Ligand SMILES: Cc1ncc(COP(=O)(O)O)c(C=O)c1O
């Protein structure tokens, strides 16, 4: 029978407790999540989404999306190079290029597309691509699918990066995340940029989880002069609470992506109303620092209380707080018991993280109240003991 491996692999994944499942939410961002009636219709405290600043439901962002739809219609009507480019896109490109201190920017429908476009378009088979081992799947797949030779350095290890930079390549591109999506730790951007400079390599930063949040909202850009980052990519689907992404770089790089980037050219452009919503969100990021201050306070509260409770925390000072459990069965059972107590947390298993790296991925938001965090820590500590005893 044809394609027999599909069912076999699905069975194997289920038997290894690695099967993924979607849940039907009425709303999947904000302080609370609500499951659809077909689920259980319950409300949960949300410690799993990436809406770090609580902007996904902000009235100004929603109003901007609605006004954009009234003005431009629902969809863009075409690809950027045919009929799908208008004032909302142009204004957003200018705003993010300015934010990133780069000459120009291009918009993409997703961060996955943006990363794929950069790597597939700019690199040739004479080039060397050097990536942090823990980079996001979009970067790793982009690297595997591009023409260049790819090598990966040990996570955040400057000595190992230095060794890899000795390898030959006509052009060398080093890629790191600003804040790592599953660990929440930050890359030493300043030191990586210096190494790149010494080796005449370019640095690309994927700031999906830092943009709008760390460094006073400037993400990794706060660590270096903008020119040290040759290619800056970030998404609008995390702290900005909307969706889509951008790449900011020199005029030449952006023009090259516009001319040759297949992920940019052959796709319907971002709905203009979405660009309007992102612009509104970006203004809030700039004008309302209190959201970041609240987030910082909540992160510190969580870390302090989790440390007091003896939870195995990762080394993260950002909104992504992993509780490192190692064992898949314990992780799944604990997430389930937390759910029964009204908390929704991410249960992360291989292959998203390395084997032995299963964890709860707790995300803290400015929307949380102090009592939410205290209640979560108590519940994790209590349920962890029960789950371990039951194993
Ligand atoms: C580090 C990182 N880069 C890129 C992406 C992809 O962005 P998007 O969700 O916009 O496709 C994500 C998450 O989804 C991410 O965590």
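Every residue, even glycine, has its Cβ placed from backbone N, Cα and C.
Please treat TrEMBL annotations as automatic predictions, because they have not gone through curation.
Annotated features in TrEMBL:
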| type | residues | note |
| --- | --- | --- |
| BINDING | 20, 136, 352 | substrate binding site |
| DOMAIN | 44-380 | domain 'Aminotransferase class I/classII large' |
| BINDING | 111, 112, 181, 209, 235 | pyridoxal 5'-phosphate binding site |
| MOD_RES | 238 | N6-(pyridoxal phosphate)lysine |
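Among the recorded positions listed (136, 235, 238, 352), 136, 235 have a CB atom closer than 6 Å to some atom of ligand 1, in sequence order.
Summed and averaged per residue, pLDDT over the domain 'Aminotransferase class I/classII large' (44-380) gives 97. When the recorded positions 136, 238, 352 are ranked by how far their Cα is from the Cα of residue 112 (pyridoxal 5'-phosphate binding site), 136 comes first. Note: residue 352 (substrate binding site) has non-local neighbours 137, 182, i.e. same-chain residues 6+ apart with C-beta under 8 A of its own C-beta. Shown in sequence order, 136, 138, 206, 208, 234, 237, 238, 245 are the same-chain residues outside 111, 112, 181, 209, 235 whose Cβ sits within 8 Å of the Cβ centre of the pyridoxal 5'-phosphate site.
Looking only at Cα atoms, residue 20 (substrate binding site) sits nearest to 181 among the recorded positions 111, 181, 209, 235, 238. The CA atom of residue 136 (substrate binding site) is located 11 Å away from the CA atom of residue 209 (pyridoxal 5'-phosphate binding site). Listed in sequence order, 136, 208, 209, 320 are the same-chain residues six or more apart from residue 181 (pyridoxal 5'-phosphate binding site) with CB atoms under 8 A from its CB.
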